[in-house]
Each structure stands twice: as structure tokens, then as C-alpha cells.
Amino acid sequence: MLHMILSQRVILLRKYHSSANALVTKSPNSIPELVKHIDSDLIRNAHKVFDEIPELDVISATAVIGRFVKESRHVEASQAFKRLLCLGIRPNEFTFGTVIGSSTTSRDVKLGKQLHCYALKMGLASNVFVGSAVLNCYVKLSTLTDARRCFDDTRDPNVVSITNLISGYLKKHEFEEALSLFRAMPERSVVTWNAVIGGFSQTGRNEEAVNTFVDMLREGVVIPNESTFPCAITAISNIASHGAGKSIHACAIKFLGKRFNVFVWNSLISFYSKCGNMEDSLLAFNKLEEEQRNIVSWNSMIWGYAHNGRGEEAVAMFEKMVKDTNLRPNNVTILGVLFACNHAGLIQEGYMYFNKAVNDYDDPNLLELEHYACMVDMLSRSGRFKEAEELIKSMPLDPGIGFWKALLGGCQIHSNKRLAKLAASKILELDPRDVSSYVMLSNAYSAMENWQNVSLIRRKMKETGLKRFTGCSWIEVRDQIRVFVNADKNNELKDEVYRMLALVSQHLEENECWKDL
């Protein structure tokens, strides 16, 4: 049956190929039409079509190259371009734009630069179509200096070129350059606004992202779309501003109406969970049709429950996903459920999910460093040090300092001296200048009442010039930030603060609340 189908496809292709001469003479668009109809499985034979068409022109050749690019056959695309040159056909701006785009996708910056040089030689580099393709290549694969030079050389750069350069500046944290270019634009499209909002959000400049979104609304020229709101909501999620986030949610309802897509809902699920409001997070999740929910939707719910101390609900959500959908858990899903089990004390369940990930999912890349670290931490916290040590020995990855810190933390809780000594030696071996490692070691030895080693650690810190960072915390009361520094004697309210601290400590001691902390 399969042989018959393949034979029919070959016969059909030969039929198209045999009539190529006639098609060429009738219409300059006939060859692109022919290329468009070639079956994907037989795309290799398009090269034969390219070679044997007697009156091949730049339009036909560009169409063939474009088809190679569409099929992600970038090597063949560059070979076809070379063949075009050998045949003496002069490439136009669309040929260059297509093949330079191919070099960007295949991450071949050397080829991209060669094509740019050839376009310069032919006087096409200043063309906006070629310039946009070269600029995109340099932004993604080379330096912003090259990209800016290309931008300045482009005649009448379009909004795509400007947006690409702005995105490049933001990714490299060159915010002033990005904003200067953005403000100088005579017209800003929604794509450009989205690039700036998303760029700020992705680089941790969340307040600037939200302010840019507000500026967009204030100008009232461009209407935000379904790509704008995930960027703005993600930014407001990162600063956990519940009131502002609800306002953006209301804006999304106003501007999008029924055009809410899965990306908007997923960002809202994550936002409400980060604000500790799992009820509204679940409402947003339930607004999605079952067939709309993707792995990000489920991961957001699992992680939301886990981070908010509702480990059993996180596990239940994971089980519901496995049972009711055809979605395969990814590494984010597995880490979320392990994190939930770890902090909810569900050790057996955590072990079960970890073993399933190892044995059942047939994906060698599913478990990463963080998954093993989470399991080591889980076993160490529960006092199962032998199993933790065996897990580290059986790891396919080289354990880093994070593993040994997790192990040392568990040793500190359960006073396991032998394993603590092993973890301590590994930590100091891997990073002898890490202050937090020395602090952890000192605390671990103190918990085990090993005062000699505590003294040794402190002496070593002093000899190497390392200083422990002073602990501090802060709270917001009536729009004022109050900062508390460890052992602070300079605060004007220090007497009242320490008096209240003593009362709170006494209350916790009398009611045996320490064990819950």
C-alpha cells in the first residue's frame, strides 16, 4: 500500500516536471506555483526541477529557495543560491532577504555576513527588505554594533527593522539606546509597543514594563492586543501587585472581549497564584476550555499550589492532568510536583514521581540538575541520608555546589556528622570564596555542638577576608518601608522593637510554636 502511494506521488511529480517547459513560457508565476504543489516528502526532487528548467529566472529561483527555507532545508537553500549565481542569474532583494533569513534560522552568522557583503557589492544592502533580514541576523547572532551599522545604512527602515533593533538593545540591557530609538519613532505599531513591554519584563525591569503599558493606554493611538497583555501581566506578576494586576485584567476584558487566548489566561493563572490568590487562579484556569489548556496552564496551577504551601492540592492537580489529558509532563511539571512533595512532607509520593520520571517517560532530558537537587533536599530533610548519598552517586550529572548545600542543610536539621563533613569538604572545594557556604557550615557545626569546628570556620573566614552579610528584613506599613537589621543598635525605636521581640519570643516559646516555624 505504501509503495503504491509513493509511486503515485513520483508519477505526479514527473507529470509536473515534464510540463515545466510549457508552464515557463506561459507565465512567470507558473514555476512558483509548481514548487508550491510539490509534496513535502519529495522536496529533494525540487532541486532537479531547479536545474532542468530551461528558462529559469530570478522569480522562479527565489520561489525554489523559499520552498527549501519553508521546509527547513537551509543547506539546500544556500546551495540553490550558489547554483543561481553559477547560472549567471542576478539575485534581487527578495532572493537576498530569503536566503539571509535562512542563515539566521540555521544560526550560520558566517554565511549571513558573506551574503551581506555580496548584497553590498550589488548595491542592494540599503534596500529595506535586505536590510531588515541582515539586521535581524546581526541582532540574533552577532553584535549590536554590527546591527546598528546595518540599520543606519538601510534606506527608510521600516517598523520591523526598528522593532528588531529595539528588541536587541533590550536583550543586551542597553535600555537607554532602546528607549531613544523607541521615542524617536514617528509611528509606533502594537508590535513595537509589545517588544518594549516584553523586553523590559524579560530583563527584570518590571516597573518600566508596567509604566510603558500605561503610556500605551494613555496615548490611545494603538490598541493593545492579545500579545500585549501576557507581557504586561507577567511584569505585574513579578512584583506581585495585586491591585494593579486586577486593573490590567479588567483592561484585557475591555479590549479583547472574546479574543482571550490561552497565553492571556496562562499569564493570569500565574499572576493570581504569585499573589497568593489560588481561588482566582483556579477561576482563570477553569475559564479555559479543556482542549485549550496546554502544559503551561497545568504547570502554572501545580507551581501555584506548591509555592503557596498547598502541596497536596498541587499533587492532585498533577494527577488530574495525567488522568484527564493526553499531555506529557515536562521538566517544569516534574520539578513542580517534586517541590510540592518536598515542602509538604510527602516523601513517598515524591520518590514515586521521581522514579516514574526516570523509568516511565522515556525522555533522557526530562530530569535536570534541579530535579536531583530537589530529591537530595527532600531526602536530607527527612533524615534519609544514606538514600541521598546513593542518589548522588548514581547521578548521570556531575553534582554541583547546590547539591552539597542541600545535603548540608539536611545534616544541620538531623545532626548527621559524617555526611555533614563530606558535604562541607565538597562545598569548600568547589567554592572557597562563597560566604554563604561558610555560614552554612558554621550553623551546621553549631547545631551539632561542634564548637571547635565553628571556631575554625570563623578563623578561616577572617584569614581569607570574607565577611558575613548582615541579615535584614523590611515591611510596608501605611505606605512607609520599615527596615530591620540584625543586632541594630542605632534605630531610634530600638528599645520598643526589642521589647516587642522579647514578648513575641516568649509567646512562641510558651505555646510551643517554634516547631511550626
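Cβ from N, Cα, C; glycine included.
For 1-23, the entry in Swiss-Prot reads transit peptide, with the evidence type sequence analysis.
According to Swiss-Prot, the feature repeat 'PPR 1' maps to 57-91. Across the range of the repeat 'PPR 1' (57-91), the DSSP-based residue counts are 26 helix, 0 strand, 9 coil.
Feature annotation from Swiss-Prot assigns repeat 'PPR 2' to 92-126. Confidence for the repeat 'PPR 2' (92-126), expressed as mean pLDDT, is 93.
Only residues 6 or more beyond the boundaries of the repeat 'PPR 3' (127-157), in the same chain, are considered here, and those with a CB under 8 A from a CB of the stretch are 93-94, 96-97, 100-101, 103-104, 107, 109, 112-113, 115-116, 119, 164-165, 167-169, 172, 174, 177. The repeat 'PPR 3' feature in Swiss-Prot is assigned to 127-157.
Note on the repeat 'PPR 4' (158-188): residues 128, 131-132, 135-136, 139-140, 144, 147-148, 151, 195-196, 199-200, 202-203, 205, 208, 221-222 of its chain, located 6 or more positions outside it, place their CB under 8 angstroms from a CB of the stretch. The repeat 'PPR 4' annotation in Swiss-Prot covers 158-188.
Beyond the ends of the repeat 'PPR 5' (189-223), by six or more residues, the same chain brings 159-160, 162-163, 166-167, 170-171, 173, 175, 178-179, 182, 231-232, 234-236, 238-239, 241, 244, 248, 251, 255 to within a C-beta distance below 8 angstroms of the stretch. Marked as repeat 'PPR 5' by Swiss-Prot: 189-223.
For the repeat 'PPR 6' (225-259), the list of distant contacts is 190, 193-194, 197-198, 200-201, 204, 206-207, 209-210, 213, 216-217, 266-268, 270-272, 274-275, 277: same-chain residues at least six beyond its ends, Cβ to Cβ under 8 Å. Feature annotation from Swiss-Prot assigns repeat 'PPR 6' to 225-259.
Per Swiss-Prot, the feature repeat 'PPR 7' maps to 261-291.
Beyond the ends of the repeat 'PPR 8' (294-329), by six or more residues, the same chain brings 262, 265-266, 269-270, 272-274, 276, 278, 281-282, 285, 288, 336-337, 339-341, 343-346, 349, 353, 357, 361, 366 to within a C-beta distance below 8 angstroms of the stretch. Sequence annotations record features per position, and here Swiss-Prot assigns repeat 'PPR 8' to 294-329.
The repeat 'PPR 9' annotation in Swiss-Prot covers 368-398.
Among the features that Swiss-Prot reports, region 'Type E motif' is placed at 403-478.
The annotation region 'Type E(+) motif' is assigned in Swiss-Prot to 479-509.
The helix, strand and coil residue counts that DSSP assigns across the repeat 'PPR 4' (158-188) are 22 helix, 0 strand, 9 coil.
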